[in-house]
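Novice: Structure below; questions to follow.
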Amino acid sequence: MSTPRPLIAGNWKMNGVEASLDEARAVAAAVDSHPPSARVAICPPSTLIHRLADALAGSGVEVGGQDCRAEASGAFTGDVAAEMLADAGAGLVILGHSERRAGYGETDAVVAAKVEAALRAGLEPIVCVGETLAEREAGDTLAVVTGQVRGSLPAALAGKAFSVAYEPVWAIGTGLTPTLEQIEEVHVAVRAALTEIFGEDGARVPILYGGSVKPSNAAEILKARDVGGALVGGASLKAADFLGIIQAA
Ligand code: PEP
């Protein structure tokens, strides 16, 4: 397995309507005219996956989902299966985002089942982990994050393409970012856990940083030890901001 390129993934969360596709088209046009060193993906709401995949077909920008259900089909009103995301044109899926862990009670076991579903559907998972402010203040950051890594990554990931996103919950959408030392400390611990679980392959899994990444801080964060890309929320909604981050990679 060769070392994958860094990944810059935009998480639009529950934002975006038909008109938002223009922002994605602008990102794709810039990426195609000046191919960046990183892979680029946009993860819109499920309603836009099909249209975004059509709009970006043949471009250097990939499309992902933001969550999936573990089951392939059934009586689960309102939910979306991994197979449906793939059918709509997604190639990746964000799983275990803290907004899902906190808002929907997703445990590590639930996240691991969703990761297995993503693999079953041929999707590349981006698995999120991260501590709350209370956990950081209690000195539990490394234990919490490496525990989430061990609990959320099923053995089925061995040999498969996937990434882990370290997203401190207190840094998401707040404008707060950890210091570079704090980011590196966690990424190094995540790397050690990945190597323990997956052996040599674990040394090559991209570990993205997420939490208030913007054009002004992207370059230094992306240069930090064991940072293999970024998961970007708010700053992925506007093409100019997202491109500023992509160009920093
Ligand atoms: C996110 O929700 O994954 C995220 C990183 O959000 P933001 O960049 O807005 O902090």
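Glycine residues also receive a Cβ, built from the backbone N, Cα and C atoms like all the rest.
Remember, TrEMBL labels are computer predictions, not curated facts.
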Novice: Using only what TrEMBL says about substrate binding by Asn11, Trp12, Lys13, Ser212, Gly233, Gly234, identify which of Gly173, Gly199, Gly202 is listed for that site too.
Specialist: Gly173
Novice: Out of Asn11, Trp12, Gly173, Ser212, Gly234, which binding-site residues lie by ligand 1, with a C-beta less than 6 Å from some atom of it?
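Specialist: What lies within reach of ligand 1, judged by Cβ under 6 Å, is Asn11, Gly173, Ser212, Gly234.
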Novice: Within 8 Å of the Cβ centre of Asn11, Trp12, Lys13, Gly173, Ser212, Gly233, Gly234, which other residues of the chain have their Cβ, at the recorded substrate site?
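Specialist: Counting only non-site residues, the set is Ile172, Val232, Ala235, Ser236, Leu237.
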Novice: In the structure shown, with every protein chain counted, which of the recorded positions Lys13, His97 has the densest set of Cβ atoms within 10 angstroms of its Cβ?
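Specialist: Ranked by Cβ atoms within 10 Å, first place goes to His97.
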Novice: Compute the C-alpha separation of Gly173 (substrate binding site) from Glu167 (active site, proton acceptor), stating it in Å without decimals.
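Specialist: Glu167 (active site, proton acceptor) has its Cα 11 Å from the Cα of Gly173 (substrate binding site).
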Novice: Measure from the CA atom of Glu167 (active site, proton acceptor) to the CA atom of Gly234 (substrate binding site) and give the result in Å, rounded to a whole number.
Specialist: 14
Novice: Which residue among the binding-site residues Asn11, Ser212 has the fewest other Cβ atoms within 10 Å of its Cβ, if you could check?
Specialist: Ser212
